[in-house]
């Protein structure tokens, strides 16, 4: 590996990102390529088909390794556990095709931006660039860094100064043309794939290829009816798949196409404004925002402000205010300057600009940041086009099981070869019969049968108003054992109700103003803050914005209006929002308040602020609102009441949503200076005004659903952006934290100059004050959780980040009992879900889609309660806006999983049953007849496979999950035991029939019916070596062995279908599946009828020989005994949960899931959980474990962390 990197053969693409790839350079050799083509022709395309399935084989055989710089073929490999390969051709872009001269001087940059990779990728004097296109993204070879670099975006290394001054005046026409050629068009084009191409992709699926081989073989042997039935079913399946793919392609194409043809206005350097089609935009262009527009690219706002609807990307329909990137002189990268809050300056592609507010310069301008598939919308579309593969053990086990069945078939193949060669049968017939036995073990109906269960489950979910865009995830829902819930809008109501305000005066809280009286807030600084500190906008005469802001504003009784020319003392025009008292407002000495500038709220900063002017006032005023703990940090300490923490806790423990407000006077000489003020300067030295108290009620469905999940032993976790105390109270009120359980708050702090990173454990106690309501406090006295009581960890996003950075080895131990995660940013939510997955939890995530898109996408089953377009990144969407959808989905997932296992076991047994019967007949060169196969394959197996999964989910969630592994001992024993039973019965009847006095090897058909069956042995005297003539049934089919084995095999198939159709506790009983029950009863009745009837035409058609009635009764008894034994073993032994738990306990078998191992370990640790103490990281500032890949709460790496490597050897603590 290291050698490959040193010689330039290997590099990494998108290093540290979710879509990280390893790239290898190869050079095509014509001789090797010619040999591959000749081999493909000689093998009739078989080798070419293998190359299609495994592109790396084609590269390894037709190319030789070489440095990437010289390669014409690139082999890419994902760095995840799947290690998938892709092959890409290197192509060149020639700048000489441009219509203006290009300098060939290596010292002269091609574009003005000295950070641009374009300057480092151009080969001079050839004037060409080497490129590859991977999943819609173009990469160019960087000769300086010796790796492929992404184009179509501005480099992150640009500073705020670079953005404003390098690109502030626009690009020249020449630079636009260069960037246009290199970066490609600014369009997100989803090709509507031709039907023939979709068909080819479906048909070339490995299983369909094997199926085609099998059906060709069967058709060549005259087995037409069943082959035609399978062909029809396969064609229907392929057509439906192609239709679905085509519809999705058309829908996605229509969704993105309209954004490719937007007319926009840009600024061209030295030429002024110019109109052009949006597909011609390039990174660095200056985009003019005239008003309402659908953004065709990602852009950084540099002048003015605007309000956008980001619902398409975030699922949040609340308008978001964007502010310009500050003009600073430092060289810090612009994203680092704005920390995780850089998104407040970025306008994302696909979002709608609904209002613009020009600055003093008169225009709202933005620099194009990313184009095409590099944009936020492009990334969303790519996530749909190239979804992350499912790492579900069921599918891996299914593949292994198929390989095992194929191996059994190979054994049968050589067995058939040996038998037929021993009897000197012609080679062609020998090969054909051997191939027939090979194909018998893998049922061709298997893929359709496994798919049909998900189709039924999908339809049942649709009736519950749960929509699914990823049906293969339904089975995964059956394994969910942990569900993360957002709080606001998910567990609690969307809307907030005003409860009251708690103003301050003279460093003390004053009397509460209650909104229950119906009176508006009395005039004062607190009222002024409530009227102005919000992100509300007036759109078409309607006030729109965040529900919290709306409720707060309604409580003041003031009205809003837009003023395009707002007068102020500075005498400058500006587009501003003006607030005036309404008829319900308290009496005020102020006629109006003008909002001049806004610093928007973000989940990372947990605050917002505005600069406003009161009518008649000579000064400007700053108002701030946000999380109380955050706002208090920016206030002068003498203005914050001494009992601030206690007062805040009094309300948060009751489940109230608490917002703090603050204010200061801003002295300025010129209004133009306001636009250049840094947020840090504005938000400092404020005076604390008071608290706004709002109620956030639980939804009525929350408590019953959480109780149902708890009884089913499914862990529930709250992941919210709200206050920690509020989250704890909601968790207790909803009984997410059961009555009697203890809560331990985990508070972690970053390392200081002399103090290492630390983590403090505080036990939250509960007491009953005199008022009768429960209060929550920090219990300092206790040093451990009381024995016998459960405990739950609660922490904030800040603490989670510190733990992730400095105490990563301890994080899994906390997560095993972590229940409340508050003040979590979107990136932290995604990271938390991933960390739970590393502990082998199957994680469900339920949220309203606002800040949960990443977590919904990361979870095994993301359930969005939002109907916005962003939910396309979530596998499931519920139109019912409460969490009742979660148990519905889990129930259907469990039922679908059990159905899949049942169908898989049945079809496996069906293959083995037929394999054993056919092998026995092969011993004497015989075979079942076509109609015998047809009845088993079509009337029984095919219909069973299509109806077994119709069974509905059981209405109550069981307190345990269904088996999730096909290779589990129970399932393997089930298949093995049933195989043994059917083998014993078939072999015994096969040998016993030979011992009957009336037995002979071959009979003349008509004579069998002329004799008295009860006296058959006395009346029939035929030569055992008689071979019949052309008018008789072929000797290879007509035999007593075949006539005996066929009903045994058929009854075995019916028995297996009944035994494996498991009902309670995950599905309704078998009799509730009316169609399936009727089918089994009909199949059993038909088989008995054929067994005992004496219709000559029927026997001739079925190719049977009549046998004595006593023998037929013996066959029925043998089949019934086999059914009883198999049913008893399956139901009383293999499916006996208590018995298996006892066996596991006696033999010391325990779950190998990481969370189970940790639970057992912690249960034996008397010092866990630590309470009322502080632990420090021993090796100073970096703690005992540092994850270097973790950069920020918004950019948490995916799948790059390894839990086991350092967890054991670096677990050192010091205690305070």
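Keep in mind that glycine also has a Cβ here, set from the backbone N, Cα and C atoms.
Following the DSSP three-state reduction, the secondary structure of residue 486 (active site, 4-aspartylphosphate intermediate) is coil. The feature active site, 4-aspartylphosphate intermediate is assigned by Swiss-Prot to 486, with similarity to another entry given as support.
Residue 848 (Mg(2+) binding site) falls within neither a helix nor a strand when secondary structure is assigned with DSSP, and so counts as coil. Under the heading Mg(2+) binding site, Swiss-Prot lists 848, 852.
When other Cβ atoms within 10 Å of the Cβ of residue 650 (N-linked glycosylation site) are tallied across all protein chains shown, the result is 17. Feature annotation from Swiss-Prot assigns N-linked glycosylation site to 650 (among others); the stated evidence is sequence analysis.
Around the Cβ of residue 817 (N-linked glycosylation site), a 10 Å sphere holds 19 further Cβ atoms from the protein chains shown. Taken from Swiss-Prot, the feature N-linked glycosylation site applies to 817 (among others).
What Swiss-Prot lists as transmembrane segment is 33-53 (among others).
The transmembrane segment feature in Swiss-Prot is assigned to 198-218 (among others); the stated evidence is sequence analysis.
The feature transmembrane segment is assigned by Swiss-Prot to 222-242 (among others).
Per Swiss-Prot, the feature transmembrane segment maps to 401-421 (among others); the stated evidence is sequence analysis.
Same-chain residues lying 6 or more positions outside the transmembrane segment (433-453) and placing a CB less than 8 Å from one of its CB atoms are 207, 210-211, 213-215, 217-218, 221, 230, 233-234, 237, 398, 402, 405-406, 408-410, 412-417, 420, 425, 471, 896, 899-900, 903-904, 907, 910-912, 914-915, 918-919, 922, 927, 941-942, 945-946, 948-949. Residues or ranges marked as transmembrane segment by Swiss-Prot: 433-453 (among others).
Residues 394, 398, 401, 405, 408-409, 412, 437, 440-443, 445-446, 449-450, 453-454, 456-457, 474-475, 477-479, 936, 941, 944-945, 948-949, 951, 962-964, 966, 971, 974-975, 978-979, 982-983, 986-987, 1049, 1052-1053, 1056-1057, 1060-1062, 1066-1067 of the same chain sit 6 or more residues outside the transmembrane segment (896-916) yet have a Cβ under 8 Å from a Cβ within it. As annotated by Swiss-Prot, transmembrane segment applies to 896-916 (among others), with the evidence given as sequence analysis.
Here Swiss-Prot flags 933-950 (among others) as transmembrane segment, drawing on sequence analysis. Residues 223, 225-226, 229-230, 233, 443, 445, 448-449, 452-453, 456-457, 896, 899-900, 902-903, 906-907, 910, 914, 1049-1050, 1053-1054, 1057, 1060-1061, 1073, 1075-1076, 1079-1080, 1083, 1086, 1102 of the same chain lie 6 or more positions beyond the ends of the transmembrane segment (933-950) yet place their CB under 8 Å from a CB of it.
The transmembrane segment annotation in Swiss-Prot covers 971-991 (among others) and rests on sequence analysis. Tertiary neighbourhood of the transmembrane segment (971-991): same-chain residues 901, 905, 908-909, 912-913, 916-917, 920, 963, 965, 1041, 1044-1045, 1048-1049, 1052, 1056, 1059, 1115, 1118-1119, 1121-1122, 1125-1126, 1129-1130, 1134, selected by CB-CB distance under 8 Å and a gap of 6+ residues from either end.
Residues or ranges marked as transmembrane segment by Swiss-Prot: 1040-1060 (among others). Residues 902-903, 905-906, 909-910, 913-914, 917, 920-921, 924, 926-929, 932, 935-936, 940-941, 944, 948, 978, 982, 985-986, 989-990, 993-994, 996, 999-1000, 1070, 1080, 1083-1084, 1087, 1090-1091, 1103-1105, 1107, 1111, 1115-1116, 1118-1120, 1122-1123, 1126-1127, 1130-1131 of the same chain lie 6 or more positions beyond the ends of the transmembrane segment (1040-1060) yet place their CB under 8 Å from a CB of it.
Sequence annotations record features per position, and here Swiss-Prot assigns transmembrane segment to 1075-1095 (among others).
Within its own chain, the transmembrane segment (1113-1133) has Cβ neighbours under 8 Å at 974, 977-978, 981-982, 984-985, 988-989, 1044, 1047-1048, 1051-1052, 1055-1056, 1058-1060, 1088, 1091, 1139, counting only residues six or more beyond its boundaries. According to Swiss-Prot, the feature transmembrane segment maps to 1113-1133 (among others), an assignment based on sequence analysis.
Outside the transmembrane segment (222-242) by six or more residues, the chain places 195, 198-199, 202-203, 208, 211, 215, 444-445, 447-448, 451, 930-931, 933-934, 937-938, 942 with a CB less than 8 A from a CB of the stretch.
Sparsest Cβ environment among the recorded positions 486, 848, 852 (other Cβ atoms counted within 10 Å): 848.
Ranked by CA distance from residue 817 (N-linked glycosylation site), the recorded positions 650, 848, 852 have 852 at the top as the closest. Across the structure, residue 486 (active site, 4-aspartylphosphate intermediate) and residue 650 (N-linked glycosylation site) are spaced 23 Å apart at their Cα atoms.
Remote same-chain residues near the transmembrane segment (33-53) are listed as 61-62, 204, 206, 209 (criterion: CB distance under 8 Å, separation of at least six residues from the stretch ends).
A Cα-Cα distance of 29 Å separates residue 848 (Mg(2+) binding site) from residue 650 (N-linked glycosylation site). According to DSSP, residue 817 (N-linked glycosylation site) sits in a coil region rather than a helix or strand.
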